[in-house]
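For reference, TrEMBL has these:
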type	residues	note
DOMAIN	B:696-756	domain 'CBS'
TRANSMEM	B:80-101	transmembrane segment
TRANSMEM	B:121-146	transmembrane segment
TRANSMEM	B:237-260	transmembrane segment
TRANSMEM	B:272-291	transmembrane segment
TRANSMEM	B:327-344	transmembrane segment
TRANSMEM	B:364-385	transmembrane segment
TRANSMEM	B:448-466	transmembrane segment
TRANSMEM	B:532-552	transmembrane segment
Number of protein chains: 2
Amino acid sequence: MAIATAIAIANADEESLTHPLLTRPLHPSTSNTMSQVAIVGANVCPIESLDYEIVENDPFKQDWRSHGCIQICQYIFMKWTLCFLIGFIVSLVGFFNNLAVENIAGMKFVVTSNMMLANKYLAAFLVFLASNFGLTLFAIVITAFISPEAAGSGIPEVKAYLNGVDAPGIFSLRTLIVKIAGSISAVSSSLLVGKAGPLVHTGACVAAIMGQGGSKKYRLTWRWLRFFKNDRDRRDLVTCGSAAGIAAAFRAPVGGVLFALEEMASWWRSALLWRAFFTAAVVAIVLRALIDVCLRGQCGLFGTGGLIMFDVTSENVTYHLKDVPPVLLLGVIGGIFGSLYNFILEKVLRIYSLINEKGTGYRILLACSISIFTSCLLFGLPWLASCRSCPADATEPCPTIGQSGNYKKFQCSPGHYNDLASLIFNTNDDAIRNLFSKNTDTEFHRSTMLAFFVTCFFLSIFSYGIVVPAGLFVPVIVTGASYGRFVGMLIGSHSNLNHGLFAVLGSASLLGGSMRMTVSLCVIILELTNNLLLLPLIMLVLLVSKTVADAFNGNIYDHIMKLKGFPYLEAHADPYMRQLTVGDVVMGPLQLFHGIEKVSNIVHVLKTTRHNGFPVIDESPSESPVLFGLILRAHLITLLKKKAFLLAPVRAGIDAFKQFSADDFAKKGLGNGDNIEDIELTNEEMEMFIDLHPFTNTSPYTVVETMSLAKALILFRQVGLRHLLVIPKISNRSPVVGILTRHDFMPEHILGLYPLLVNSRWKKLRIRFPHLDKIF
Amino acid sequence: MAIATAIAIANADEESLTHPLLTRPLHPSTSNTMSQVAIVGANVCPIESLDYEIVENDPFKQDWRSHGCIQICQYIFMKWTLCFLIGFIVSLVGFFNNLAVENIAGMKFVVTSNMMLANKYLAAFLVFLASNFGLTLFAIVITAFISPEAAGSGIPEVKAYLNGVDAPGIFSLRTLIVKIAGSISAVSSSLLVGKAGPLVHTGACVAAIMGQGGSKKYRLTWRWLRFFKNDRDRRDLVTCGSAAGIAAAFRAPVGGVLFALEEMASWWRSALLWRAFFTAAVVAIVLRALIDVCLRGQCGLFGTGGLIMFDVTSENVTYHLKDVPPVLLLGVIGGIFGSLYNFILEKVLRIYSLINEKGTGYRILLACSISIFTSCLLFGLPWLASCRSCPADATEPCPTIGQSGNYKKFQCSPGHYNDLASLIFNTNDDAIRNLFSKNTDTEFHRSTMLAFFVTCFFLSIFSYGIVVPAGLFVPVIVTGASYGRFVGMLIGSHSNLNHGLFAVLGSASLLGGSMRMTVSLCVIILELTNNLLLLPLIMLVLLVSKTVADAFNGNIYDHIMKLKGFPYLEAHADPYMRQLTVGDVVMGPLQLFHGIEKVSNIVHVLKTTRHNGFPVIDESPSESPVLFGLILRAHLITLLKKKAFLLAPVRAGIDAFKQFSADDFAKKGLGNGDNIEDIELTNEEMEMFIDLHPFTNTSPYTVVETMSLAKALILFRQVGLRHLLVIPKISNRSPVVGILTRHDFMPEHILGLYPLLVNSRWKKLRIRFPHLDKIF
């Protein structure tokens, strides 16, 4: 598949650039050919839908009745313990991630600076280049060879999971380790990549691994965790994990909860908010305690455990009506740049995916060339900047010598510093801190700021697509801050706001224009900058930038998710879905089972189809057939494996499922499901029967075939279904018309079936204003 | 009904205190006798369910198809304009509310203080008493006579509306005006009531009135607003309105959005978050501009346009591990006091409702006696406090003479001030500001603080239930701050935290213990106190207090809502619902219509039942009857009114609904629905027929009768239904078994049908840990 895709893309002309990477065949077809694969991390993997429906079959009911007070107490205790552990582990990871980056990158900058101080410029460049190259190589090699799922930010994958799309490997222990190590080395290697996205993925990983109840492979299982063997509880844990990720990355607990709520989660309820809040609070408290330790100087050379925390507090920020126009301007610019950023990034990712698909060698080559290019740029550009003399009232030594600092000497003579090097020849966190700082209005030159902005804008786009763990938050913040400050310089004395504030507002505007969040971004920026008085300005800038950007294209994560081929189920229905009925998109041939079915039939159907749910009907000679329910593939395989067979086609007794425990029908861990090919049956067994009645979900959700697709989507999405049975309007036909799955609601599928809709008024409207439907 | 309830309550013994005010008859019954009334504001009113289902009948489909680009642009434009107007109006109301209170109450305190300065103590007392009495009388009279719906905080009513329970009058123009005027006079009259709740109700009112598209009565309608004639769009607007309310009350825009999300809304989606954020941003920006005006001194004697904004910023709050135990202690105390507060408040409200039900005279009497009692207490208590000498370094004149200030002279000699009077003989906002302020650790005496706490705790409970607009937020904040500061005094030098911080944390703990919100409270408190460094401490205290309080009882608003009899639909299913199937609770006799029905039959059914939806079936001689769909009472009445009759029972042609406009089937404004009794038909017309097919919703959501109640509840609640059709498992019976409505899911109804469940293991567990199910 990977190769087929690669070829398809290799033949891509200009037109194909507007289609998802995983295109469906162009010849029209009557069956749903939506591919069941997506690009997870860097590789094409099979994907599977999650199922949040309560399966009401007899084992489930009996299991439920057997739950006593002790089980409930175990469940509650475990749930809160897991949340606590998620918060605790993620905050430790976030802290050590930060510490490692500060020490590795700090050491690198000190060594090179010291060499430059001794005028050994070439040696300094080589050391800089080599260390960056080595770190990047390490990151790419572990990612490409050990866990390609860890490539990229991971936010699209986690978002798709929370929408109900599962892919094996995204939450494995291997991915977790590679994500952490790769993120540290990639960020340390001066690539312009962030750590927030990888931390969100890390948090989700930690949550999913703990929720799975250990590992069957390593015989680490715990009975108490059996309650979490279902998709609903795992979804909740992963949501908490992603909240913890942002909370740890930015030390923004409330922002983390809101990020999980606004951007990540597709289903939300009050109890989950409370648990996510608990998890984020654990993160906040643990981080606060660890920073206390670090402030006492026990965290290595450069680790003050800073985490990003850009204190811009001018105690009394004052602003008046005349400061509003510059802020509006920033918002508009942010919207334009943000949508442009998304547009270019998408194109670059398409080109990169052509290269990455060609093989691991190409991936490594790409990453290494980006690393070398970045190193050359970072080392070369400051030479173009003129030296500035140190301010008399500098709060730190100027120029900085022999330590990490903000007034980089670079090639300048004593008493002078290189302002571009202060931004570019530094870690991203330090650059942001510089840009956000107050009382530095004279520190930078306009041309420096412009050069820095252009560098960041393109470097961040070119760095994201390589096969290492890489986030987008920090690059966007630093890019936004640079043009914000540039605008502030241009406006100069026409505004009361200092340039640091302009930088903050610039970051907000680019974040708003690229990621299109509102409340969560607002809170994250407030928590980053620790100044609540800015709130009305930040709200204003976010409003404007999101509105402007929405006129051009969508959220960056949605773009990436679509590019990767995840069948993401939107909450709103596209207008043309109101014109179609469910009957228009559902299609056969439908595989049905009888209440008492022959084993060989079941085996045959399971081997020849890839469906995951099958309607069970009861037929009696006198009456028309009746829909009994829906049985899942996983349950059928369990039945076959346990050989619960009958010699004759009669209803099994009440104790038919005595040999099963509830665990047999519980959701397996990721990728641990059994395969039909692994089950071996004798010829005698093949001639026997299974009574499916006790194991069938007797109350699947159903819709009538005349219901509009839009209305069915509401049910499907709100309840979180995997299968939706379609029943006929007139009941004297077969009792079930078909099954709707996630793929049947995908616009690509529907518009493939009804190409005329593409040209209809509705679709046209949708194309002209591509995101109009989001505004509804 | 009101009288019946009153009598029922008058006969109440101790046991009845644990039941809702509106009890259903005790004799078991086979039909759903859940009352269709609830206490809205202060009076018993009929209630009705809202319907968020897409009604797919022919007029709807045609209307939808006729929507072109212009209509969509109108819709989008109107939606954002309405949000802007809501934000704008609510911020103006909030601002002037605050200004009026500051000026009225400030004037009152200055006049009385000046009299006391002249040693005219009795006259001062009489003026104080009379002005409070007059203001309270004004509030109670307008509330009781003009709009009893405006009584109380309004948050429970709005929350119920957002859950799908409508009551006429809660969002009328009358209610809005009374709410604003009553809230101003009640708060100014020194009653310990808040303004946040009334502002939320005000915001919701403004939103609902604007969404209704003007008033038909006053001929104020606008075609552009026709798109909002459905329950979904109105729900969204009301959500935005309630967010604007909190944003305006506390100048906490993000807190407002989160409050609407966490506490108010039952349905939420990403687009709504974005609109609520927009509305709150408008509030924030308008308020900021108005405050700019006020800071120039153009807002009257006392109006610095302060709004509550308690700047406690010690620039660098430092705290370490040893400060955690006091914070935990505060959390535990807050949890205990919070649940106690809820418990006592509920009991007091029950007693008050006995009095209030007796008639308007009793209501006025109750309110007046509370006012007199409050005045006596506020004027009397400070005499018990000893005078303290003014600090040498006081930042404001001490004692305050002839103006509003914090060092109240009261009865003290010159150079001294009365610390209890500084808290008690002041507006609530000033008291909170005093309590939260830093560097005032020596200003108050322990006994003062204890006396103030006890006063606030009970006064706030006794003041809430009287028939005036009254909120709970500010009383809870002031009560919490007082014991927080008291705890801080007790701990003294064992902690680094100053007493102002203890007061903030105390407020947080009591809010958490009483209202049980998490993220929204956290953000509201941060925005109030403008200090983000407190975040980890506030999160910790909220976690602990909510956890402790949840062990005892529930959220105060949920208690009040239950007490008022609103059928609130919880998101989670109670455990016993898993043991029951839908067929167990649905009951007949069911009223069915045929596809082509005689007019007289329809009229008879509409007159004899109060159902709002009727299944329509098609019967043919050869086959078994088929479910065609569901028709709504409102649509039937429209058909009868327009006399769309046929002479013979034949299918109407395609142009059957030419005489109808989409508007006829749109949702009417509150209480504007037509009544079946108002329609007069001749005998000939009664013998004619109506073809119901074009007007029937052909795709109602259905569930099979064997589905568990818990699973049906998920569908009902998630999709936001009013009617859920139950179809039989075996189709050769009638094609529909019954209809489930909101009331069929109410625990009171179900446990009335199956009293044994009350004694079952599950129910027992639920009673022992009453809120265990919330934790799930």
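Each residue, glycine too, has its Cβ placed from N, Cα and C.
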Task: Work out, from DSSP, the number of helix, strand and coil residues along the domain 'CBS' (B:696-756).
output: 24 helix, 12 strand, 25 coil
Field: Sequence-remote partners of the transmembrane segment (B:237-260) [C-beta within less than 8 Å, at least six residues beyond its ends]
entry: 82-83, 86-87, 90-91, 93-95, 158, 161-162, 171, 195-196, 199-208, 210-211, 228, 268, 272-273, 275-284, 287, 307-309, 471, 473, 517, 519-521, 523-524, 526-528
Message: Given a Cβ distance threshold of under 8 angstroms, which distant residues of the chain, six or more beyond its ends, lie next to the transmembrane segment (B:364-385)?
response: 124-125, 128-129, 132-133, 136-137, 139-141, 144, 189-192, 352, 355-356, 408, 410-411, 418-421, 424-425, 445, 447-448, 451, 455, 459, 462-463, 466-468
- line: For the transmembrane segment (B:327-344), out of B:80-101, B:121-146, B:272-291, B:532-552, most C-beta pairs under 8 A are with B:532-552
Query: Mind checking which residues reach the transmembrane segment (B:532-552)? Cβ under 8 Å, same chain, six or more beyond either end.
result: 316-317, 319, 323-324, 327-328, 330-332, 334-336, 338-340, 342-343, 501, 504-505, 508-514, 516, 518, 521-522, 525-526, 769, 771, 774-775
Long-range environment of the transmembrane segment (B:80-101) - Cβ separation under 8 angstroms, sequence gap at least 6: 180, 183-184, 187-188, 195, 199, 202-203, 206-207, 210-211, 228, 237, 240-241, 244-245, 247-249, 275, 278-283, 286-287, 290, 294, 299-300, 303, 305-307, 427
